[in-house]
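*Asks:* Grabbed the feature section from TrEMBL, which reads as follows:
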type	residues	note
DOMAIN	9-366	domain 'Kinesin motor'
REGION	30-62	region 'Disordered'
COMPBIAS	37-57	compositional bias 'Low complexity'
BINDING	G119, P120, P121, M122, S123, G124, K125, S126	ATP binding site
REGION	648-683	region 'Disordered'
COMPBIAS	652-679	compositional bias 'Basic and acidic residues'
Amino acid sequence: MADRNARSAPVAAVRIRPWLKNEQDLPERLAVPPRNPRTTVRGPTRATAPRAAAPTADARRRGARAAQRVAVAYGGETYPAHYIFGPQHSQQAVYKELLTKLIGEAIASNASGTVIACGPPMSGKSHTLLGYGSEFGLVPHATLDIFRAAEATKKLKVWCSYFELHHEVVDLLAPLPPTPSADVELVELRGAGAQVCGLQEPLVQSIEEVQALVDYGNQRRAANEKLLGVHGNAHTVFVFHLAIDEDPHGDGREPLSGSPASPVERRVRSKITFVDCASSNGFKDTSLQGLSESLKDQASGGVRAKGLGKAFFRRSLLTQLLEDALCGREQLVLLATASPGGGEQMGDYLEMVRHLTQVAEQEKRAPMEGTPSRMDCLGHLQVEIEALSMEGPPSESKEARLAALQRVLAERSLREAPEAFQVQQLVALRQAQEASLAAWGFACEEDLAAAPCYLLRLHGDPMLTGCLAYVITGSRILGSSGDIFLQGLGIAPQHCHIAEHSGGLWLTNLCSEPHRVFLNGKSMEATSPAEPLKHGDRIQLGCALEMLVVMNENLKNLDLEALEAGDLWSRPLDALVQQANELLKELELLQVSNQHSHFEVPEVDGGASPVRFVRWEHSERESGEVLASFEVPLEEFQSEVKRLQELYRSPRKSDAPKESPDTASHRTDTASHRVDSTREGLQAGRPELAELAQVESALWHKEKAVAASIRRAHSLSQCIGETVSALQETVADLRRGAAGAFTPVEAFEKLQDENQDLKQRSD
């Protein structure tokens, strides 16, 4: 068996996807500088330099890896990498070069690994990890190798989990609400990275079971989307946990009854983590900022991480989860994906690749001092639990820590349950998943095959387009309280009516407000007659959903990969203004209740000149008195709408997966009732009712203010942590320059520059 403490050096790679159909006229900004006549610039690949000389004895003794470095040019700079894959490289070629060794080491020993795919939107991250159609991604290729090994050894056990991670953790394998699910939390562990507790983590025994779980996870991601034409802002994480029985005697004998050799001691464990980094917010996201800062710190020797310990990684949940990989306890593979034209903030992603190549060049890359290299050891948990139980008087913080550690221990021990019991758990989980999809009105594959026509949901993320569909039988009402449940911005309780007649579908708008139903880009009025639907028609509902009409007889003519989900920016200006007011209406539930804001399109005489601005007004809710009013240029209006969209999709709006639709509606109605009660109490001459409602509303707003204060305090603590780490780095520089090469004055000037930089970033 391979050395359990052996870790391969990190690998940094760049993958450049082919041009898309709508990008043919864009300039090519990403290229590989030629190092010799055989290096290609168009369609970059790993450099084909002359064969290197045989390694020296000293290099062999250190176990140095003679990896060739190549570089990619972008924005006038050159960024080194270990591999550069071009459009001509297949998914299998990428997997063979990057992950074959990592997967082999994870199977043979407890050498764990982490694969991070990052890059601008639409650069091919999800396609690289999961694949599409016959082009299997890195995860399917790894699954194939893992189950080949399981078939060969007969001892390998595999578990998997799938979740989203941003400001909170969402289990993508848990059934949709209102089915109850466990609370999910991230627990810090001493000497190892954090563990996510409360996830569904079933035992899987075939490739088909893994595929079914991944498909359901993507369906849940698509079902939770509430805004049309936008990409997800949460990172998706897929994890394999592997365990292989280890014979303690070396002769195949089972341990005797009462023997100290427990099942835990007889298992060698490892995990393989795949991370698809969200890029909708770019490096405004603290997760990507923290990931970049961690790689930069490791490239400079890990001064900040060693000085601050766990505090250094508390910048985001993502960095807490990836602590083992960022500290060198796991092999790290970073793959930056890009289009030939580069993309937004491409230089920042390539800078992360540069940092990781510098980490790989370091002669000695050992785990941080005082941290064990074996991760999945239950003994460390048991020791800490016993120590906490024995130390000092009870306290709230100690009890909370003890409960969290006991939960981690219990969940890890579940993997030691009898195999038959774990197989039963997976069957029950799949049944609950399918039942929850059916409760939301989504059709299964058998229903789709038998139906003459159905509605296919489109999504802003091409990976999620087509994974959900509705089969309409008879007459159905769609809406937030209709026969088929819909959620999202601008969805009415009874939004539209779709009826089946003579093998076809007919659409009727039930909304009295304009721009709530669009058919093929044309707004349907409430008084419009029912419209027949034909194959290929596109329906947009509110500002949340878009669906494609599919006739099974014409299914062969449907190319899902070529479909592009629509967005809100192609709508008329008055429809965009309506969307902005919908966003303001949703967000005002958390603002001062006696005031409100709204946008309106100004009237233009005769319509001779185009509208170049939108009017914004802030007024008293009761009297209607305008407090402020000014004109907003269209460019600034669009930027404001995007900002409102981000606020709408922030974590406080993602509580829905933990609530049933009725509960979520009741919560919104309760918030609105606080405002209405104040107004009705004043109008009815009952000041006591108005006073009570005002007190209740004040308490509610106070809770929101406290939550905002906590977020600001967390942000401030991150800034303080960076300042402390800068101080520690300066002290380290002073010690290195004690011989006179580095003066205290220079150190002070350096510290001032760093603090100024931190202040500018925090502002």
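Glycine is no exception: its Cβ is also placed from the backbone N, Cα and C atoms.
Curation plays no part in TrEMBL annotations; they are all automatic predictions.
Small disclaimer: the values here were computed from a predicted structure and weren't measured.
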*Asks:* Give me the long-range Cβ neighbours of G124 (ATP binding site): same chain, 6+ apart, Cβ under 8 Å, in sequence order.
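*Replies:* Within the chain, G124 (ATP binding site) has Cβ neighbours under 8 Å at R15, R17, T337, S339.
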*Asks:* Using the Cβ centroid of G119, P120, P121, M122, S123, G124, K125, S126 as the reference point for the ATP site, which residues of the same chain not in that list have Cβ within 8 Å?
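*Replies:* After dropping the recorded site residues, what remains is R17, S279, T337, A338, S339, G343.
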*Asks:* Give me the long-range Cβ neighbours of P121 (ATP binding site): same chain, 6+ apart, Cβ under 8 Å, in sequence order.
*Replies:* H231, S279, S280, G343, E344
*Asks:* Determine the most Cβ-crowded residue among the binding-site residues G119, P120, using a 10 Å radius around each Cβ and all protein chains in the structure.
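*Replies:* The residue with the densest Cβ neighbourhood is G119.
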*Asks:* Provide the number of Cβ atoms within 10 Å of the Cβ of K125 (ATP binding site), excluding the reference atom itself.
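*Replies:* Its Cβ shell of radius 10 Å holds 27 other Cβ atoms.
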*Asks:* Far apart in sequence but close in space: which same-chain residues, 6 or more away, have a Cβ under 8 Å from M122 (ATP binding site)?
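*Replies:* M122 (ATP binding site) has long-range Cβ partners L20, S339, G343.
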*Asks:* For S123 (ATP binding site), which residues of its chain lie six or more apart in sequence with Cβ-Cβ distance below 8 Å?
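*Replies:* Set apart from S123 (ATP binding site) by at least 6 residues yet with Cβ under 8 Å, we have R17, S279, T337, A338, S339, G343.
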